[in-house]
Amino acid sequence: MRRLFLLLFMLFTTLAHAGNNPFEVKPDFLPVGKAFVFTSERLPSGETQLFWQIADGYYLYQKRLKFDGVAPELQPTLPAGEDHSDEFFGQQTVYRQGLEVKLPAAASGKVKLGWQGCADAGLCYPPQTLEVDLGGAPAVAASNVATTSNGSAQDQLLANDLQHKSWGLGLLAFFGFGLLLAFAPCSLPMLPILAGMVVGSGASPRRGLALASSYVLCMALVYAGMGVIAALLGSNLQAWLQQPWVLGSFAALFVLLSLPMFGFFELQMPALLRDRLEGASRQRQGGSLIGCGILGALSALLVGPCMTAPLAGGLLYIAQTGNALFGGLALFALGLGIGLPLLLLVTLGNRFLPKPGPWMNLLKGVFGILFLGTAIYMLRPVLNPGLWMGLWGALALVVAYCAWQQRAIAGRLLHLFGAGALLFAAWGGMLLVGAAGGGDDLWRPLKVYRGGPVANSVTAHDAFTTVKSPAELQGALDSARAQGQWVLLDYYADWCVSCKIMEKTVFGQPQVLEALKDVRLLRLDVTLDNADGRELLSRYKVPGPPSMLWIGPDGSERRSQRITGEVDANAFLQRWTQTREAR
């Protein structure tokens, strides 16, 4: 019980972000090729050594390293990095100074490497790719590659990103998650169906175990296939899931699936399908391995849509990793977790299975709260920050109410439930009060009442016109020049941490928007990897976002006043004043 409520608490606190840490203006950053100098060498042992020389003040993300073209069993083991905390992307593992990776001698052919790095001063370079020949030939071509991240609605919900070195922990987490899903309303009807096919047929214990294993393995293999597909889709799946209508649809689905957890209605497998499966199980005397396997595969396909919400969380996380091997193993582990109670049922009988009771209602409540939290989390990119914080406050009050109501079954944990209820009630109340005052900081909800301007990132977002192609940019520049208007070009990407920080700390400040009221604000979105995005970057030789360029009324850039990297509101306003006076 203690762990369950600790999990709920962590669900909220992982969304909180730290205070701002603005940097001085640093107009000159190294080109990406000098910040991260890559070399490859064929060793006498037959291995291929890959090395990145990383300049001081720069770092590479571990999770952005890709080795496309290397067989799953030959993927390299990445060395331990150092922890790095991003305000929006959470805890990350990064490499500084240098990174050495060795590909085994058995690897052959051309490999497409991918990586992404940033500067401590705030600049985030676009994702890079490089093709190398494992025979030792030099790298031949480099280009940007599409990579999107947690920010979006992202949609990662199961846990903090698990690094490559923590596969064991990740697989264990998916197995445990599957064990919980085994007692979801959609899964429970499969218990008597399989029992009727195995136990009711009079099969021996050994035969019953074989039949049940066939059922569970085939079910897990179907889930594994889902995981592999999600990993192969990778960034394409994430990019598709960033669309507002998709985020809204999934959020609505999570809310809908939370309602039966609180007893509003009952969600279960359609009676027609359940009856047909039961009939098929009765017709098979003694059962067969193939029959049980087919039944297991069908159950995964039939029950899967009924469990769309939790499955979506797992699939989204797997899509982030982009690793098909891990995706398949993770969903296979989840399927085994779902099937474990079935194996216990047919081998040990129902004596060792959990008995229905108040704990089931508690488990359903936990699922309901997690589903609601998932819905709120997914809507982050499309909601007013104040409204988003208010929704978290309302959910915290729901948690407090549920914890207070469950004190009757808490037993010796009565005081823990009571303290947890009071804690969530206090936090939820502060979130609502802060949201009502225009605040948007989950970690410090009442700071809005301390005085000083309050960021309004929605107003900032509305003030910008999003540009995604060179044609759109040229049209906007021509229009501004015809009107004798200044233009601010803001290079932005969803995977850019500093962009999201500046959205709030710079462009969300009233004094900044007031100073820019006569300036045409263009946001150049270079999130995706396509020809348009690369041309937008190359037109002004921009290394990556965040970068801000001033275009004068004559249509030419004020190059000496360019801002590259993260700055605070005061530094930004000072640069704008200098630009305006220097014309």
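In case you wondered, yes, glycine gets a Cβ from its N, Cα and C as well.
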Swiss-Prot annotation, disulfide partner of Cys124 among Cys118, Cys186: Cys118
Top partner of the transmembrane segment (245-265) among 359-379, 382-402, 413-433 - counted as Cβ pairs under 8 Å: 359-379
Cys118 (disulfide bond): secondary structure state under DSSP, collapsed to three categories: strand
The domain 'Thioredoxin' (458-581): DSSP-derived helix, strand, coil residue counts: 59 helix, 23 strand, 42 coil
Alpha-carbon spacing, Cys499 (disulfide bond) to Cys124 (disulfide bond), which is rounded to whole Å: 9
Spatial separation of Cys496 (disulfide bond) from Cys124 (disulfide bond) - C-alpha basis, Å: 6
